[in-house]
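*Asks:* Right, I'll just put the structure down here and ask away after.
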Ligand SMILES: CCC1=C(C)/C(=C/C2=NC(=C\c3[nH]c(/C=C4\NC(=O)[C@H](C)[C@H]4CC)c(C)c3CCC(=O)O)/C(CCC(=O)O)=C2C)NC1=O
């Protein structure tokens, strides 16, 4: 799994050199933000179920047509799959916060996602609605510190941009 550490070391190793001082600066910067990221990961984990439910609800509130016959949320089974998908993404957001890079999201949920959604006729805008809601509804400092909130918002921005 990619992180700034593994990327830096693999690049240095491929070239048979030591990490450069700018490599070390980016590792250092990443480590300096670790406490904020871990706080965000912990708060997200402790509120995970509520966050997923709100995200899914926001998606169906914005695009209520999804529950019409023939649409992507026209049965309880499909609605459950939708919340399950939001759940997958939020778990990967947690992993990405822990790792300190977008590797888990990229590798497991973003690479190929558009193609899967196109094939299954799932509008990616509805995923975006769920994650944008979850991002915007964060309340600092009630939910987490400002620094942790910055990390959380950045991770959700990343998904929103990738699926937009
Ligand atoms: C770990 C990463 C990961 C992701 C992200 C993932 C997504 C994912 N969602 C799927 C299905 C699905 N996803 C939805 C989701 C929705 N329904 C709606 O109304 C909304 C538009 C939307 C929620 C925002 C639905 C309805 C299906 C079933 C589609 C079908 O069977 O026709 C499928 C097809 C396989 C299946 O049916 O389970 C995948 C691969 N799977 C993974 O392993």
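Note: Cβ is positioned from N, Cα and C throughout, glycine not excepted.
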*Asks:* According to TrEMBL, which listed range is coiled coil: 24-51, 52-79?
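*Replies:* Range annotated as coiled coil by TrEMBL: 24-51.
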*Asks:* Select one residue from 81, 84: among these binding-site residues, choose the one with the most other Cβ atoms within 10 Å of its Cβ.
*Replies:* 81
*Asks:* Rounded to a whole angstrom, what is the C-alpha distance between residue 142 ((2R,3E)-phycocyanobilin 1 binding site) and residue 72 ((2R,3E)-phycocyanobilin 2 binding site)?
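*Replies:* A Cα-Cα distance of 35 Å.
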*Asks:* Could you tell me which of these binding-site residues, 43, 82, 85, 137, 142, has the fewest other Cβ atoms within 10 Å of its Cβ?
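*Replies:* Comparing Cβ neighbour counts within 10 Å for the binding-site residues 43, 82, 85, 137, 142 gives 142.
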*Asks:* Give me the sequence-ordered set of same-chain residues, not including 72, 81, 82, 84, 85, with a C-beta within 8 angstroms of the centroid of the (2R,3E)-phycocyanobilin 2 site's C-beta atoms.
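*Replies:* Those within range, site residues removed, are 73, 78, 79, 80, 83, 86, 122.
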